[in-house]
């Protein structure tokens, strides 16, 4: 959000009103009189400032003596902190209302119920608000239309609509279930949590995702629902889509790195994509999860993750944050390198202070956001705020300003502008303002005048339980939610970061038992999804041959990561046997490939795939399709026949394979025959052979094979007769 969009008023430190530019002959915007003023949001209760006025003068005088700080947005320039404040005040005094010409204040006032979502506890809070909404939409997308809206703060003593915040109310063009509106809000607030986690790793530019709530107009027929967001001025850009990378002249590093970060930091559980917005203030993101069942129809699951990584070129930010490149085939890598060349034009400059993804040095500031992932950092805890050196003024409204943590103790919002970039305090949720609040992922109470002691607590933090309205429409301090409570509510989301590279994931899996290894890697499922997209022609132009080499590349990676379907498919493919996945692909028949194929089949058999067990048993039994480095072994064959016969549960991949491919009576009969004759390392056992023939006969009778059952009974008698001899 640009600075022009931040609606706030100026008050004197001692409670006096600021002289307005152009009145009483005092219009000098650069007047030193500005030193006596601080920025106060119109949502603030003026009475609350009386508790801190005694501290303001002393603190502000210290601020004017602060040392110069650097900016990642323009590292060659340095700005004195006092000058930055004066610049922000100047912007505030001359800020016009971009919607003044539409005279929304003349529209009839409507009372609405506002539904806000707390992403920490998963709870909803309802309250009443007053709005004025235009009757005709000013924008229309593929699915929704937008209406200009003003919302009155609940803490104004008079209905001053001309100073009310500008909002955009959105509704679906086609009727949808009401739950869709609530799911959209939940998605955006969950994505906001990941934006805050990304910012805590000190990227060169921080990101923020807009607050969104729901308003229900109960006085209208049908009580329609609308999404409500702050209005943002600026150039709206789509950085990546729900299905991959978007090539644009305005190439950016941060949006792509943010999506990659969410994948690794969540332990591959999800990825935030469809990044779009103004600058690094994003809206309407999409989350792909492992299951693909949450967050509406736009959640493509691991298929969506595959689409992102197929076109993602790791950039300087990815490297500085320790994000591992996703494994692509040489041909895919060549295509992605074209994007890499485009990234060279990006102007983001690294500061060298970026924290590695999942680094134990990344600490969670208590009160800065919900304690999401807090137990994952070994040294998580309150960061010592004695060091408030301002490393950068990032391009996002979510960014932390030099002394925003300290200013928050005084209930001050902080604004700065640099190279058309607005930055705000991101690390403290209790920074109340009419602009978009970044680190605010829980909703506030809307009582007035309940203030805790503004004195900073240990480590320089203030956990003030101020009960203001946050006009951000969603979320207040999460510091009131203890870590233990959050962990209890969200235990399934506490996971360690995992790299996107197969080699590192294989190292992790090798430390697990086999039953915990098969089908447990989400990264393996992503590679398997890449195989399906290649086979389906998604990654090739119409009329072109799809890339079989790349498909086999990803199938091998999926197999190495324990995807049972990939293991079986490769085993059949290398063994020159019919296979259902990549059915059109045939590999050369070489001794090396035969060895690979049998190794994969043996691995699948050990993982519980019944078809592979039978194939391995037959190979050891007859010697056909056996790898060159192995020989016939009836003892092994008997073991795998027995294992297949006992296979009645699901395999390690969670699938159930019945007895359709090989009748039970046939395998029992073959076991009996091997024990009757002996050989290839198996000793003769006539008694057990007769017992197995009897079981085979009973199984044949159950299968309505009476004649075959009689043959088995006869052979059982022959085996027992040999035993008597």
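Just so you know, glycine gets a Cβ as well, placed from its N, Cα and C.
If you look up Swiss-Prot, you'll see 1-12, 423-436, 445-469 marked as compositional bias 'Basic and acidic residues'. According to Swiss-Prot, the region 'Disordered' annotation covers 1-38, 352-405, 423-477. Annotation source Swiss-Prot lists phosphoserine at 18, 27, 66, 70, 72, 74, 243, 366, 435, 445, 491 (among others). According to Swiss-Prot, the feature compositional bias 'Acidic residues' maps to 27-36. According to Swiss-Prot, the feature region 'Calmodulin-binding' maps to 81-94. Annotation source Swiss-Prot lists ATP binding site at 296, 297, 298, 299, 300, 301, 302, citing similarity to another entry. Per Swiss-Prot, phosphothreonine is recorded for 353 (among others), and the stated evidence type is experimental evidence. What Swiss-Prot records for 363-377 is compositional bias 'Low complexity'.
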Euclidean distance between Cα atoms of residue 296 (ATP binding site) and residue 243 (phosphoserine), Å: 15
Secondary-structure category, per DSSP, in which residue 301 (ATP binding site) falls: coil
Which of 296, 298, 301, all binding-site residues, has a Cβ with the fewest other Cβ atoms inside 10 Å: 296
Cβ neighbours of residue 243 (phosphoserine) where a neighbour is any other Cβ within 10 Å: 20
C-beta crowding around residue 299 (ATP binding site), within 10 angstroms: 20
Most crowded position, judged by CB atoms within 10 A, among 300, 302 as binding-site residues: 302
Collapsed DSSP category at residue 296 (ATP binding site): coil
Cβ atoms near residue 297 (ATP binding site) (within 10 Å, other residues, all chains): 8
Residue 243 (phosphoserine) in three-state DSSP notation: coil
